[in-house]
Structure formats: structure tokens, C-alpha cells
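What follows is one structure encoded as C-alpha cells, with my remarks underneath.
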Amino acid sequence: MYALLLISRRELAMIQRLRPLLALLLLTCAFLAPAAAAAETKVQQIDLEPKDAARDRVVPIRVYLPETAKPLPVILFSHGLGGSRENSVYLGNHWASAGYVCVFMQHAGSDESVWKGVPRREIMQAMKQAASGKSLMDRIKDVSFVIDQLEVMNKQADSPLQGKLDLEHIGMTGHSFGAVTTTAVAGRKFPLGRSNAEPRLDAFLPMSPQTTEGMSAEKSYGEVKLPMLCMTGTADSSMIDPRTTPESRREVYQGLPTGDKYELVFDGGTHAAFSDARGLRIGKRDPAHHPAIQQISLKFWDAYLKEDAAAKKWLQSDQPKTDAKLKEKDVWQWK
């Protein structure tokens, strides 16, 4: 049976008057719907534990994999001292949603195993011991090993990463000890003069970088030719090494050669500004910092991993100050 819909002439006239407005509303929704759908990129988290047989060492990774029908640029992330592949989710999800495959590494010997289960009074000493040259070399080798594994998985028929990786465009980033790792594989020099540059990497983003003991910043960083964005804060100190000060962190940018180099400095920004970890005594976190880090870092990756000329033009301007809502005393500069 059909129900009868009875309306008056007055109501019918009103509907006829509203018809153009309703048509416009439907047309607007039709245009907006694809944009909304495009913004909701699905991101899958995949935990893998590839083993480097040559070193008898497992390098756990967490992959943030967006839905894609084509190969995407890759971003490698190295955690800080005492961290894990589970850190900095706010970055992994953000970059992946924008079209990057993000691979967050975990470095045995300088990861969370350093402090888990250790008596509170012994944790600081354990952390200091883990911040060693050996740990750094392990991390450097981890980076090359992970890239090797990505090359294999990109071709394996049974791999969730098969055909998903654009390995001609790889970025490297990290916080704290992860920034040390990042600058090392970028070609930063150490006192022995050896370069640990990884030639398959294209752009670098160290958060809370540091200088090299016994070397000027110019001598240590002067041969880093590829794009680099340094991020730090005016209160970005170190619990592990009192010689690492906010002022010394800023020397890194000063030591870099001109050409595709950038620096973001948060006024009052602490070591915690770049982390999402809880319970660490590394200073308070300003809620305005994470959105700014997300926006500026994404533009950097777009410029140098997607070869986006508009993103590069944006970086080499004062637009980040307004678009990322930087505060008056925050610093954005490039050279």
C-alpha cells in the first residue's frame, strides 16, 4: 500500500521557491564529498622484525602504510635514547596520511630495554652507558640494513610492502639520539674523519641535533650537501650530557653549507617539544608545537621527496611563520 502525502498549496509554493537553493546545496555537497574522502587516507600499522644475520641482530620496525596503488616515498625514523618503534605516533600517522610510507626503527642496546626493569636510582647511569660510540655504530648499520630489507620486501610477492615503496626517494629523521643517527648517515664527520653517509638517502630532518665533541660545527657538518631541516628549542637541554646545551644545538645549522638548509627554533621549546612520550623528565610540552612540527616537516618532505616546487617555495619564505602559527620569538630561517 502507498501512503498519501497531503500538502497545502502554500506548502507547495514554499517548496518550489526553495528548489534552487536545494539544488545548489546538493551541488556543493557533490564537490565537497571527494575532498573529504581524500583527506581520510587509511593508514595501516605493520610490525616486522627483520634479522641481520651478519650481526645476529634483530631490528624491529613499525611501518605506517597508507592505502596506495602506486609506490610512495619512504621516511625512516630513529628514536631517541631509551625509546622504541612505538614513539612519535603523531608524526608517523601524519606523514603516512599525506602519502608516505613511514618506517620507525628500534635500535637494540639504546632502546627501552636500557631502562625497563632497572631500579630507578640506576636508570640514569644505564642511559649514559648506552649513549656510546658502539650504540651509534649499531644504529648507523641498522639504517643501511633496514633499507636493504625494504629493497627485498618491495619485490617479494608475499610481502605487504610489495610494490608500495619508491626507494628512489627516502628521507631520514629522528629525535635526540635519533638526530645523532640522522646526521651521521647524512655525512656528518666525527673526530676519526670517517664518513658514515648512506648514499640511498635524499633528505634529513634531525630534531634536537648536537655538535661533535672536539670539532667545530663547520668541520663536522661542512660537507653535508643534501637538504636538511634542523629543529630545536631555546630550552632544549640534555639530561645525559650537560655539555649539550640549547646554544650548542643551534651551532649545527650554522655549520651546514648553504643550499637547501633550514632551521626551526621554538622559543622556550624543551627537549619534550618533539616527543609524544609520557613520564619523561625532559621538560614541559607546548601543545602548539606538534601541529607546527607536523606542517613544516611535511612541507620539507614534499619539497625534497616529492619534488614539489610549491612546497620548496613555501619553505624559502616567511609563510611558515603564519601558516604554522609560530610565535613572535620562534625562529624560522633558511640558507
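A Cβ is built for glycine as well, from the same backbone N, Cα and C atoms used for every other residue.
The following features are taken from TrEMBL:
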type	residues	note
COMPBIAS	320-335	compositional bias 'Basic and acidic residues'
DOMAIN	59-232	domain 'Xaa-Pro dipeptidyl-peptidase-like'
REGION	316-335	region 'Disordered'
SIGNAL	1-38	signal peptide
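In the region 'Disordered' (316-335), helix, strand and coil residues by DSSP number 5 helix, 4 strand, 11 coil. Averaged over the domain 'Xaa-Pro dipeptidyl-peptidase-like' (59-232), the predicted model reaches a pLDDT of 97.
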